[in-house]
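Participant: Okay, here's the structure, questions in a sec.
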Amino acid sequence: MSVIKMTDLDLAGKRVLIRADLNVPVKEGKVTSDARIRASLPTIEAALKQGAKVMVTSHLGRPTEGEYTEEFSLLPVVNYLKEKLSGTNVTLAKDYLDGVEVGAGELVVLENVRFNKGEKKDDEALSKKYAALCDVFVMDAFGTAHRAQASTHGVGKFAPIACAGPLLSAELEALGKVMSNPERPLVAVVGGSKVSTKFDVLQSLVKIADTVIVGGGIANTFVAIDNNVGKSLYEPDFVEAAKGLRDQYGIPVPTDSRVGTEFSETAPATVKKVSEVADDEEIMDFGDETAQAMAAILKDAKTILWNGPVGVFEFPNFRKGTEIVANAIADSEAFSVAGGGDTLAAIDLFGIEDKISYISTGGGAFLEFVEGKKLPAVAMLEERAKQ
């Protein structure tokens with residue numbers, strides 16, 4: 001996939017509009033988790049260093065579109081950036097659609113795009129107003145690349161130049177390495193609670209992966225093909241389809257599980273063969289035999305894609321399966337890509353961040369990319385690169 005990269009351009013003296021993902025949690029006017037801003041900083045700094053006139057914008061939260069609400073203002077982000085970019089003039093622009101003053105080497109943060117009517121609908125008039133603000137539009141928010149909105153997609157159609165920022169480029173490169181031409185064996189781990197939402201992902205991955213390991217509620221649906229799963233979380237409507245995938249693609253099904261009689265942090269865990277789960281029990285994690293078998297598959301992998309925990313790792317008694325799988329991925333010599341909110345929380349909990357080759361910043365965008373869907377923002381950048 002060929003797109004223009006920001007790193008290939010000379011930005012000196014140019015008006016550069018960066019669409020970043022600065023959608024961070026805010027409490028009492030303070031940013032409480034800065035991971036997304038930290039990830040975007042190198043892009044902003046690179047443009048400033050070149051002497052560009054830099055504007056950056058993002059959505060934050062879910063305000064009523066077209067209405068300013070202080071609760072969803074980017075002001076806390078501006079205050080954070082002022083601290084991090086000391087020596088740079090950083091300001092917030094509230095009314096910017098008819099033009100904004102910005103000097104070379106300065107940064108203006110354009111207020112929450114969702115305060116603008118027509119943002120979510122990818123409104124053409126709004127897109128053209130964004131585009132008129134800049135000489136170069138930089139799309140750097142992978143997390144919203146799957147949404148065709150005015151600030152992620154429309155603006156790029158009308159800006160003089162539209163390119164991918166370093167964060168988006170790295171993301172596309174890492175995922176491309178898994179999806180387009182992986183070093184084999186490629187092993188995918190698909191966990192999490194809902195099968196229905198992950199079924200399209202499974203359908204896509206079985207075709208390209210050498211082995212797909214299923215965990216969580218998804219695995220329970222596969223266990224339910226031949227066994228009673230008690231009161232486990234599973235999708236009865238997908239059992240038939242799961243059987244089809246198991247039979248056609250040899251998906252390994254858990255042989256033992258950690259079960260409890262209630263879904264709570266204090267529920268004791270018992271390891272049982274999957275054929276022995278009682279009606280009043282629910283499967284909440286891999287058993288040791290299953291976890292070790294999956295770890296052995298991961299040990300031989302050359303490429304790993306990880307999306308979703310394999311058990312209720314938030315509960316200490318049902319954490320071991322996810323921990324064994326996570327450590328197997330961390331200790332593997334494979335090129336590994338991980339994505340999805342719960343996956344990132346697990347990586348954090350087990351302290352293995354440095355041992356995963358690439359951690360994706362996108363939730364929905366990550367899943368859609370893996371399903372093989374075209375992301376609107378990426379399609380737009382490819383289109384613009386041809387012109």
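Placement of Cβ uses the backbone N, Cα and C atoms for every residue, glycine included.
What TrEMBL shows for this protein is this:
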BINDING   D21, L22, N23, R36, H59, L60, G61, R62, R114, R147  substrate binding site
BINDING   R36, R114, R147  (2R)-3-phosphoglycerate binding site
BINDING   K198, E314, G340, G341, D342, T343  ATP binding site
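I'd like these features described in context: how deep, what's nearby, how far apart.
Facilitator: In the three-state DSSP classification, R114 (substrate binding site) falls within a helix.
The C-beta environment of R36 ((2R)-3-phosphoglycerate binding site), restricted to residues of the same chain at least 6 apart in sequence and closer than 8 Å, consists of A20, D21, L22, N23, V24, G143, T361.
According to its DSSP assignment, T343 (ATP binding site) is helical.
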Participant: Inside 10 Å of the Cβ of H59 (substrate binding site), count up the other Cβ atoms and send me the figure.
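Facilitator: That number is 25.
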Participant: How big is the Cα-to-Cα gap, in Å, between G61 (substrate binding site) and D342 (ATP binding site)?
Facilitator: 19
Participant: Could you tell me the C-alpha distance between G340 (ATP binding site) and R147 ((2R)-3-phosphoglycerate binding site) in angstrom, no decimals?
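Facilitator: About 17 Å separates the two Cα atoms.
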Participant: If you measure T343 (ATP binding site) to R147 ((2R)-3-phosphoglycerate binding site) at Cα, how many Å is it?
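Facilitator: Distance between the two Cα atoms comes out at 22 Å.
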Participant: If I restrict to non-local contacts, at least six residues apart, and a C-beta distance under 8 angstroms, what lies near G341 (ATP binding site) in its own chain?
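Facilitator: Sequence-distant Cβ neighbours: G363.
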Participant: Please list residues from the chain of K198 (ATP binding site) whose Cβ is under 8 angstroms from its Cβ, counting only those at least six apart in sequence.
Facilitator: V190, G192, I218, N307, G308, L367
Participant: Counting other Cβ atoms within 10 Å of each Cβ, which of the binding-site residues D21, E314, D342 scores lowest?
Facilitator: E314
